[in-house]
Amino acid sequence: MYRSTKGASKARRDQINAEIRNLKELLPLAEADKVRLSYLHIMSLACIYTRKGVFFAGGTPLAGPTGLLSAQELEDIVAALPGFLLVFTAEGKLLYLSESVSEHLGHSMVDLVAQGDSIYDIIDPADHLTVRQQLTMPSALDADRLFRCRFNTSKSLRRQSSGNKLVLIRGRFHAHPPGAYWAGNPVFTAFCAPLEPRPRPGPGPGPGPGPASLFLAMFQSRHAKDLALLDVSESVLIYLGFERSELLCKSWYGLLHPEDLAQASSQHYRLLAESGDIQAEMVVRLQAKHGGWTWIYCMLYSEGPEGPFTANNYPISDTEAWSLRQQLNSEDTQAAYVLGTPAVLPSFSENVFSQEQCSNPLFTPSLGTPRSASFPRAPELGVISTPEELPQPSKELDFSYLPFPARPEPSLQADLSKDLVCTPPYTPHQPGGCAFLFSLHEPFQTHLPPPSSSLQEQLTPSTVTFSEQLTPSSATFPDPLTSSLQGQLTESSARSFEDQLTPCTSSFPDQLLPSTATFPEPLGSPAHEQLTPPSTAFQAHLNSPSQTFPEQLSPNPTKTYFAQEGCSFLYEKLPPSPSSPGNGDCTLLALAQLRGPLSVDVPLVPEGLLTPEASPVKQSFFHYTEKEQNEIDRLIQQISQLAQGVDRPFSAEAGTGGLEPLGGLEPLNPNLSLSGAGPPVLSLDLKPWKCQELDFLVDPDNLFLEETPVEDIFMDLSTPDPNGEWGSGDPEAEVPGGTLSPCNNLSPEDHSFLEDLATYETAFETGVSTFPYEGFADELHQLQSQVQDSFHEDGSGGEPTF
């Protein structure tokens, strides 16, 4: 093995550098670009051109004549395109980048490629995931893919446009040439069109087709500030089927799908409210002449502070529409989170146009435009001569004010079949009407109550909502901008908020929730009036038509009041939002209240029981029937009575009516020397117990309780002497009468029955004692089987322990 020396290392480096310089000379670049290339850039460009040469050399030769256009003519066509061509593999490795990229991104092709040989090196990191998803999405090779991403631009271009450039990419995968490398890396060819349109050359009357239509399906249109069509390119005939003359001076909102009105109006408002170089993007559906709907990716931008809007409309497929809409929604949510502003739909709350300015024929919607009957009167037409007369939107728009639709007057009820001649957002702010005039199609008119229906027909107990209870038919809501809103909420306005605002928006922002609606300050509201429950307040307002809205329900526009009753069920159906009440007035996702204590059914007997009687197990655990339980209780009572009679001395004078215990005996002195032959009697406080007749044990003809039977049963027990001495006396001498007890005449079967009763165990005791538990000691509750025959002086019995 040869040891490396300083001279040998320098020689190898010189050889490598010489080979790199040879590669630089082989690159098809201008000499000015070659001079400023570093060794790393040279090797990167060499890899790109090598992949390009291998791919195009191994591809399928083109069929047909190839001599129609020369190479120079092809280069001129590519340079004239409103975009640049891009070829890269599925893993992102670049194969080709047209020279026209310098006009759109500010970088030359050499500068962009010098950053790396992958497309991810020249794309904004925030869009890497979008591009990767599009490249890995499974589909046919000939299926077009359309997506948008941001390309890195030069410093000078970023200073002009304050950011990277948004580019719309449409391309497809091609069949790969033979080879293991190309089998796993199909080639994607795309045309990239910047979404920042270039100024149109020449003072032409309308937008021309442009070279972009050769690679991208699109048509251009110009709109007034109300989005009425001023001009449109002829290519609209291909995509929508309308002639150019059929769309001039028509409302753009008349072509929109009803579900896309909210998105279009919010972007339209943003263009009007914000100043500067603002562009709006939206994915909407436009109605074609044959009646179908076509997905359009629309890019709107303003030509000047007072000039009209220009729109680039790109027809897209359903899959592309879904992908673009998801991308736009995620970007809007991200921007709202960064800026700290809620992503809600704005609304106009002031008069944008006067009644005289609405007479321009540009505001007339096309046939089939939705209509509305929520406004008291139709606007009068005026004239708009120049764009300079169009008023600017106010910078102080109040979004907390929630207007309520008023009842249509008879003058408008007769003309419900006519189209209203206003398009949002330049709609006259009618008193009591919604901010935008989104007219309804015929199917949506079913939400409107008939003008001739009465209040009893419209308000039934099943249809009365919380919003109706809080807004009686006679309530007045003075408008802070116009005073004509007072006294407008009539009988036909007893609809829910959803029915009133359905044509305006597809989703309700937090400000439009029924329980958080804000109302303007009334001019004269009664004071010291309490908020009653909705069920009683609504009936009270029905009975008093002249009553105005209470002060508690009509705060100033800057405050928000939450109803204390009836709103918890509304919030339980809605997800919590940042503006949801959390101060105790309303309950967010309240849990059901559990009544009574919780109990757990234990399947086994708990361990560690001291005694069976102290067991906390429920009685239902053993599943006794009522009859069995009664029998057990009766047997326990009889056994306890027999045990009481055995442990306690009886009176010498036994009456014929039953057993009478001695209740006046004095306890024995424990210090006495007890040496008698008979068993001692413990000094216990005797309590009077009542005994039950045991007639069921003997023949009914014999009176069992006439004598004292206990002394006859226990013949061997001695009775204490009154002097305190024990002796073995004869029971006949001590018992008056000296007659034997009838118990001596019992049959052997009766004696056996009595013995069984004395040793009987209940089912509960048997079940518990059968299974000993851990920590369970029989000595804790078992009685002594033998009576002590002697006691010590200290009163203790038995043998000494030590």
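Please read every residue number as a count from 1 along the shown chain.
Note: Cβ is positioned from N, Cα and C throughout, glycine not excepted.
The coiled coil annotation in Swiss-Prot covers 5-38 (among others) and is backed by sequence analysis. The list of residues near the coiled coil (5-38) in space but at least 6 beyond its ends in sequence, with Cβ under 8 angstroms from a Cβ of it, reads 45-46, 49, 108, 110, 114.
Sequence annotations record features per position, and here Swiss-Prot assigns coiled coil to 624-648 (among others) based on sequence analysis.
Taken from Swiss-Prot, the feature compositional bias 'Polar residues' applies to 470-495 (among others).
Summarising the annotation, Swiss-Prot assigns compositional bias 'Polar residues' to 502-518 (among others).
Look at Swiss-Prot and you will find 532-554 (among others) tagged as compositional bias 'Polar residues'.
Under the heading domain 'bHLH', Swiss-Prot lists 1-53, citing sequence analysis as support. Per-residue confidence over the domain 'bHLH' (1-53) averages out at a pLDDT of 85.
Across the domain 'PAS 1' (70-144), DSSP classifies residues as 36 helix, 13 strand, 26 coil. What Swiss-Prot records for 70-144 is domain 'PAS 1', and it gives sequence analysis as the kind of evidence.
Annotation comment: Swiss-Prot describes 203-275 as domain 'PAS 2', evidence class sequence analysis. Residue counts for the domain 'PAS 2' (203-275) by DSSP state, with H, G and I taken as helix and E and B as strand, are 32 helix, 12 strand, 29 coil.
Outside the domain 'PAC' (280-319) by six or more residues, the chain places 144, 146, 168, 195-197, 207, 216-225, 227, 230, 239-242, 246, 255-257, 259-260, 263-264, 267-268, 270-271, 325, 328, 368, 387-388, 390 with a CB less than 8 A from a CB of the stretch. Annotation source Swiss-Prot lists domain 'PAC' at 280-319.
The region 'Basic motif' feature in Swiss-Prot is assigned to 1-13; the stated evidence is sequence analysis.
Among the features that Swiss-Prot reports, region 'Helix-loop-helix motif' is placed at 14-53, with the record citing sequence analysis.
Swiss-Prot lists 470-554 with the feature region 'Disordered'.
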Helix, strand and coil totals (DSSP H, G, I; E, B; other) for the domain 'bHLH' (1-53): 41 helix, 0 strand, 12 coil
